[in-house]
Amino acid sequence: MTRPFNRVHLIVMDSVGIGEAPDAADFKDEGSHTLRHTLEGFDQTLPNLEKLGLGNIDKLPVVNAVEQPEAYYTKLSEASVGKDTMTGHWEIMGLNIMQPFKVYPNGFPEELIQQIEEMTGRKVVANKPASGTQIIDEWGEHQMKTGDLIVYTSADPVLQIAAHEDIIPLEELYDICEKVRELTKDPKYLIGRIIARPYVGEPGNFTRTSNRHDYALKPFGKTVLDHLKDGGYDVIAIGKINDIYDGEGVTEAVRTKSNMDGMDQLMKIVKKDFTGISFLNLVDFDALYGHRRDKPGYAQAIKDFDDRLPELFSNLKEDDLVIITADHGNDPTAPGTDHTREYIPVIMYSPKFKGGHALESDTTFSSIGATIADNFNVTLPEFGKSYLKELK
């Protein structure tokens, strides 16, 4: 069977939601709209996303609706019960998560902390939700003096362990995180990821290094990535994609340091010869701007991404398909620091399209995975609807 597209390049703009989901009230997220609220008052345009049809999905500041969009577009709602990165990505590739991962707004249970201390022989300090930079400013000097483990969490279902690289060598920190991953597989904890967060520097001038490592749970079933890999296709994971799926279904993993580095890595991969998918997560939208409620920074990051699209498109082959989407919302104007339950935008573009139009929106994140699976003639996910026949 001939494939309409030899390669699919899937880009997740982490947290760039496009309006409250139908069940937003269940998550106390009524009125959330990451894109609209981020772009309100922004004094620059997004000409490339506009041409593709982003402004046709929903009314947005600085992004107009266009009469002849160059891409197909829609918005999708989440069927799974969480609004975290892992849940969103797993659903994109065909899994629905009906038991949510747990978040720990008051820190982790004393029982778990004691287990970590006994297992590692090191005391645990902090044990609260915090930003990574804030927590090392607060506890970094103490950690250097004592060798204690700085354990903290966020609005996500994660347990993070920070340590100075000169005090706890990377290999030891990674080993500790692997052991904590095993501990927290106990269903009573339901923690999505354990994250090693090494840092360097002196008191008052600490910086986190790029030696971060995530220890995820393995997806509880086969995803579209597994079916692609089993079918002999390339699955190139860029950024934190490899960690999100714990390496399952991935044939090559490329690390990134930032959104722009992620785009640089994607450009290199687009110029390579392969058949299958590249799958890029651009985490800065979420980690640097959404959680920190930095609206101007968030808007500028979207502009920086928009600026890179002509370079990407000029390097595409005729039978390439680019899908731009998100995994949840993180409205920088919402109260608190948590993700927001939102629709995700979906834009599908190929050089061979003569133009595009709206696609059905009454379906779920898994429609992205279904479209990719359908293209490569591998097992379709149980959920979602393939748009492949409409992409002409």
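Glycine too: its Cβ is placed from the backbone N, Cα and C atoms.
In the three-state DSSP scheme, H328 (Mn(2+) 1 binding site) falls into the coil class. If you take the C-beta of H328 (Mn(2+) 1 binding site) and look for same-chain residues 6 or more apart in sequence within under 8 angstroms, you find S15, G17, E78, K83, D84, T85, T87, G88, H339, T340, R341, E342, I344. For D14, D327, H328, the entry in Swiss-Prot reads Mn(2+) 1 binding site, with the evidence type sequence analysis.
A helical conformation is recorded for D286 (Mn(2+) 2 binding site) in the three-state DSSP classification. Within 10 Å of the C-beta atom of D286 (Mn(2+) 2 binding site) sit 27 other C-beta atoms, taking all shown protein chains into account. Swiss-Prot lists D286, H291, H339 with the feature Mn(2+) 2 binding site, giving sequence analysis as the kind of evidence.
Here the Cα atom of D14 (Mn(2+) 1 binding site) is found 6 Å from that of D286 (Mn(2+) 2 binding site). A count of other CB atoms within 10 A of each Cβ picks out H339 as the most crowded of the binding-site residues H291, H339.
Within 10 Å of the C-beta atom of D14 (Mn(2+) 1 binding site) sit 23 other C-beta atoms, taking all shown protein chains into account. Listed in chain order, the residues near the Mn(2+) 1 site other than D14, D327, H328 are V12, M13, S15, V16, G17, T85, G88, H89, D286, A326, G329, N330, H339, I344, each with its Cβ within 8 Å of the site Cβ centroid. A gap of 10 Å separates the Cα atoms of D286 (Mn(2+) 2 binding site) and D327 (Mn(2+) 1 binding site).
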